[in-house]
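Straight from TrEMBL, the features:
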- B:12-38: transmembrane segment (TRANSMEM)
- B:58-87: transmembrane segment (TRANSMEM)
- B:61-264: domain 'ABC transmembrane type-1' (DOMAIN)
- B:99-121: transmembrane segment (TRANSMEM)
- B:133-156: transmembrane segment (TRANSMEM)
- B:189-207: transmembrane segment (TRANSMEM)
- B:245-267: transmembrane segment (TRANSMEM)
């Protein structure tokens, strides 16, 4: 077989060079305008009056309390969702029961509900006008316009993240390794810690990473339940809105820049996981 | 006797994992959604209809669903091009481009909102360019469209990409050997294989756009009847402590979204059956 025929055979899967360059140009230009430009805009606006102004705007009391609140909310809701994700993935992949597909649909439900509607649901459930909420407020444990409501809203919108990463990975790995450990006399917990967890740790980390990014950045659901009390229930995204609406552009974009840096770190870690631990992630993330 | 509800299994932790799963699912997702439906049931169908059947509400619902559809269609085409380019072509910066696709997932919506507004406002970097040809983007429906395209961007690419990777070389080669042109092969052989995954991405992108709030409200201008989206209307009702009206609009949005997802699922089942490729 000569080289010429080989080249010709290969080109059956390729577009003409002109079409190829045109498509690459469309992709680069499209992502440039849609993704890179807003990214650059955040930093340009934040630094419009120089570094000092940007950093100073983050130092005031309200900004500091917003940053603390956001970290606290992520610190509570992400571990809870991770625990849920592990439990749900274990239940769904290690046991056979009727209604499994329906259960998975229910877990995915928050993805097709608007964050604003999610917040609305929590207000209706726990607000002062509701049965449960009225009793809780009377007992001194308000949920809405307070920390628990923000945590609940955040958990609602990030609910499927960890479970969705773990379920396909655990289906693929099967039950044989756990069964072997159990046959050899290991306890259930020991089997989980020494057999299952090492197998799913990268997928778990991947899910936690995405869950955390969304938890720290959630706006719609939190806007509805938080009451936007400055210094108390205003998270970083809510504070960005308040500053922006007060025409404090540098302060708004400086805080936005902090969240943007977080997003960039998330993306870098995520890409690193996809490259280094591709075989331990769900098939859709291997590229 | 039918199948047992739960098969017996030697695996430990049934009670614990089932308990945690069902308790948290109920507490975080099902009970709050139930509270919304309960509120709606008390309010009654006629009450919901009277709330929704107003010019301002119809305008907001129509605007939200129409622009979401346009944005999802744009993302369908652009996402498929992107998936194809990222899998099939090798060029400098491909990895960077691949990672950049996920930025809309990682960037908080409020940040995206103010960044897009700064960019497309009449005095912004891209907005001033558009203004020269008399094209207003921010504070018009175009602005909402741009924001919805941004938030829905990754879905189609991420669902189609793995399918493009799986396409066997033989399939396209056979088509070419039988005399099909490249365009014909792409249209009649490759595209049908990508269709179910692309449709899934389209549905996800649509669902996301319909409910989107954070990235839209800054750039939209929020003028009633013109650039006011449905989720904003819920927030306005809540700020006026008008819980019945907020619940009514919320239920209308839920019903329309689920209806759309159902239709898309049916199309998907139909296309899988017709094409015979999963």
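Every residue, even glycine, has its Cβ placed from backbone N, Cα and C.
Note: TrEMBL annotation is automatic and uncurated.
Since we're looking at a predicted model, the values are computed, not measured.
Put simply, of B:58-87, B:189-207, B:245-267, the stretch with the most CB pairs closer than 8 A to the transmembrane segment (B:12-38) is B:245-267. A contact between the transmembrane segment (B:133-156) and the transmembrane segment (B:245-267) is absent, since fewer than 3 of their C-beta pairs, 6 or more residues apart, lie under 8 Å. Within its own chain, the transmembrane segment (B:99-121) is flanked in space by residues 82, 86, 127, 130, 137-139, 143, 146-147, 150-154, 157-158, 212-219, which lie at least six positions past its ends and keep a Cβ under 8 Å from the stretch.
With a threshold of 8 Å between CB atoms, the same-chain residues lying at least 6 positions outside the transmembrane segment (B:245-267) that come near it are 36-37, 39-40, 43, 47-48, 51-52, 57, 61, 64-65, 199, 202-203, 206-207, 210-211, 230-231, 233-234, 237-238. Counting residues 6+ beyond its ends, the transmembrane segment (B:189-207) has Cβ neighbours under 8 Å at 68-69, 71-73, 75-76, 79-80, 83, 152-153, 155-160, 162-164, 167, 171-172, 175, 180, 257, 260-261, 264-265, 267-268, 271-272, 275, 277-278 in the same chain.
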